[in-house]
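Listed in TrEMBL for this protein:
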- D:48, D:54: NADP(+) binding site (BINDING)
- D:130, D:131, D:132, D:242, D:243, D:287, D:302, D:303, D:304, D:305, D:306, D:328: FMN binding site (BINDING)
């Protein structure tokens, strides 16, 4: 993809900086006639919204979305999409007035400060500017639109690892995900994480995490080999999220350790007469095309680089210095990445649904 | 990206099936005036070529590339690129005449047979058709062109894991890579792999692998946030390779287990006056933009799904059946994925070099 | 191009309907470090703004643009671009409350009412919705940004024909263009047009026009044959403007009447040692690449379809009916198309400048 | 569009130079299951083929197309598309061995020699290289594929003007088009053209022409406003053809001279109960979307710049010189542009058909 646009037929363009007046997205290519209210989008933004537990940043943002175009009442008075671009806008309201002197002149290790400066020669350093995780609100908003056009598909994400503490897959319970502040499908792991993150948080440190997103109800046939593969676009989508360093489909990196007998998912005919795969190492994708199994994607989020420990770095003039990143930060930014991962899954699937329908006609 | 084209300014379009008359690539957007002979490309194709050891498929393909357009002698008589599209073509010569009855009617587990049929209703089943790893020869050819336009960048790949046997990073020696049939940077691991793969091969089984590709000499500043990030495009590129199920940048999936203190790469000024990162968990990319450190990308390749064991599957009519995949196959297709990974790294970097030069002007 | 985005490296995405809360554009790919204030953009919007003479619609719109992202003060405190997407927004303020009953149910001949309904099954009928010429304000705003990145290029447009009354090219005076309400380079023609348009306006009719846009200072070499030709993208850009039915480069449609001797522009060496073309039938483009001559593009705008005469049409239910389009309309929408044409020329040239710099490196 | 690829879902990438070993196209995004034999394509290539009358170049090219990928026998044994890229290749066979000394060093006025050199610093000067009209054979081949996916649409082109001699529209007879060597729908005009072109040809001169292409059977609803309008893409497509300097839709440049009453096409209900437009000044497109009327597009082709008269020019070193272009050239290259224009119409419509189906789902 290119620059700040993602997608081919269903296209999302985002704009905005962390401490500018607003952020937003233009969603283009949405089919017409689909019911879309601000509330449909707001529900997902509220999942991502900061300040909802002590484990996320204390920045307070209403994250109230406005739809500025692309919708209109249909004959029954219900607001629906018109097929024209949908402009979504979220005001920034809690850009705390503060002294940015430190990060203005010095590069925070692990942040994009250095690389943005190297590329552009200038950066909006306030809160990370364009490279801030705040941009992911635009993704979540666009993802909410994407979900509306693939109604038969159920997309759910969960946090499955924080630091070295993994969930127990035997305990997986989707209903549990919204019962704890971690989107954990395993209540026991959630308890361990709470203890662990309290320590991390109080010490001013941070830690990484792994998210798993699963899409059920994707029919066989979506994807566009060889350079628009469904899993390729998922990898692209997830790696485009801030702080993501790895992406896996199905067996993922672990596929390296399997033999052909272990890996290849055998097929039978289910009671419903449809193909029934006996395992899902493929993660629902073979040859870049969906198989009808659940599409399973995982990604790893690195620890927030804003920590209280003093770190060695350099300043813009090339002098060695040290830096401590104060401010309101997520001890584990991976938590809030769950709804973001769901949104990107929705965007990729919506795009491939339209592309498939275009080429194949069903 | 879309369909069968990859890249934005440096664009590669591939075509061709495993058992058709030929395969090829059109390389578009290449700068003019760059020396390019068929031999420059052939050298890389020869690295990927099958049949070079007992550990790869015994299919014999000369993989001789022809340049059909886009080059012309310059004033000195040296053949150079002209800026117009470069058509590369490779004849298929060893499409063995055989009975494809089995795979024509039944879906090989782990292969794209089922999903291609689900999407298109028809597939060229001979040798996997379009979904065959044979297509990667086109990638390697295009990658050889890509390398020519980023001459200061050194791109090298290595196999670092087969099955559960990993290299010892303390033994890493790039010179060793071309001394063994595995592209292993660790001679000891190569020995273990030989023993292990002989067993796998003789039993008609297969196994997965992990490849690491490193690009040195990439200057800081390449990448196009937020949806054309350098690491995003690398993830897209690697996941588009056949059989790849996971992609990592820098610390990769392991970033989940790190704390902020462990992860964020501190910066000093080196003896040469340039920024000197004290570690490279970032894999050379921060905020989607290169930092000047080596760009490090890993990907996992699943085991070849063509194995001698009988596997449960279904046929096109939806009947349950079993299948054994005879033929000449790679016991570890990950080996030959090393030059393919290098090629995709080169293609992504060439594209981002041109895009960076376009937007920034340096 | 695709959907609501135009351009390849310099990309403009527009959104918004005539009577929605706002319209806007996201300008992506702009190089960093370029001075950009709202006033730089406003100057061009004011040229396009309605209600400035009796010859344009009496709708009153301040057309005040806001820059919501992508700029930041540089070290000297001057506001410059940062290389990130520039979101531009213009509030709609004069959406007159009125009864849209007529055009809600019936299709105005010559308007997009029928075709939008045929495609989408729904349309925002208020003031033409997405198909309104109001969208061109977004183009003008984006074009103002485009101009900033090709500072050596001078782009000027003029109206050269209204109805059957053409300017006399012997009278061409660029300084005259801003002295009359028609952007006419010929004061005499402007006088004739005023008389003619007063009649048209008073009778509730409308009339077409031809605009010529000239870019001076474009160096030789911009363009990307064969499917990203400079003139091809100009044709695409101009034809994308509302109501445009024809586009010409250089000699245009008249080239059909020329012989080879008349058409091909001979070349000499000028006093400055540079190539000096003796004519410009090519309109500054040969083989899709600029020659260094002025780039000359013309386009025809059809008459506004909103007229007071009763017209035969059908309604949404397929019944025959008649319609009179009341409201505030331009008797010659071609007048306000002059700054729009300039903007599209700027956008195309900015895009090709960046693409050329990317591929060639100068 | 970008570089050497045209289209969004139905994408055509062409490659090759006039005097290289071959030229070709990769057609990507074609739906599966569509019957496609080489003969289906050859029929259209034969229409464009040179040397069929004394009014076109005497270069002899078989223009025999080969399909190298993307097709396979279906269950009934009929060769059909598989949904994968279709590689088309045409050998160059009559690259006459000759001395290119003149055009190697000097720029032929009206040709792309100067601009290619200005951009790339090098060019394949043999027969015009990449900028040769020979590339249009690839377009015709791709267009033949495009026609197969919009079977209800009838696309026909005709020559309507050579020099100042126009057809009489009252004489328009589509059956006549293939009865004369000019694709003239007016037998009388064809006679006049024969006389006129004989003079032009014998004097070593050349002349321009206008082509009209009409697509019947396009349903209402195709097109993607605002920057992927159907007429915009047609303008882009036609202007990308060699030597084209102007493009018109419907009333075209003449729309400038119309009043609103004259221009806007009134609508009634026809005997078949469908909307019946009383005129077609719109050329079948309103607001960028098809109306169901015939899509009418015209374009002007400039005279061949290769003429026998001595012309003033400069050489690569910047010295003034004169040049005579010998060789086998078309006295009116517009004649052979008729099948090329048809092909581009087919490509644009096929692309928009798939895009429409993708977004709307019908």
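Cβ from N, Cα, C; glycine included.
These figures come from a predicted structure and were not determined experimentally.
This view paints the features noted in TrEMBL onto the structure.
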residue: D:48; record: NADP(+) binding site; contacts (Cβ under 8 Å, 6+ apart): D:63, D:136, D:137, D:140, D:336, D:339, D:340
residue: D:54; record: NADP(+) binding site; contacts (Cβ under 8 Å, 6+ apart): D:181, D:198, D:201
residue: D:130; record: FMN binding site; contacts (Cβ under 8 Å, 6+ apart): D:16, D:17, D:18, D:116, D:123, D:124
residue: D:132; record: FMN binding site; contacts (Cβ under 8 Å, 6+ apart): D:17, D:18, D:242
residue: D:243; record: FMN binding site; contacts (Cβ under 8 Å, 6+ apart): D:133, D:301, D:302, D:304, D:333, D:334, D:337
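Checking the binding-site residues D:48, D:54, D:130, D:302, D:304, D:306 against chain B with a Cβ-Cβ cut-off under 8 Å leaves D:130. Neighbour counts of Cβ atoms within 10 Å were taken for the binding-site residues D:304, D:306; the minimum is at D:306. Contact annotation for chain C: of the listed binding-site residues (D:48, D:54, D:130, D:132), D:130 place their CB atoms under 8 A from a CB atom of that chain.
All protein chains considered, the CB of residue D:302 (FMN binding site) has 31 other CB atoms within 10 Å. Under the three-state DSSP scheme, residue D:304 (FMN binding site) falls in the coil class. Secondary structure from DSSP puts residue D:130 (FMN binding site) in a helix. Secondary structure from DSSP puts residue D:48 (NADP(+) binding site) in a helix.
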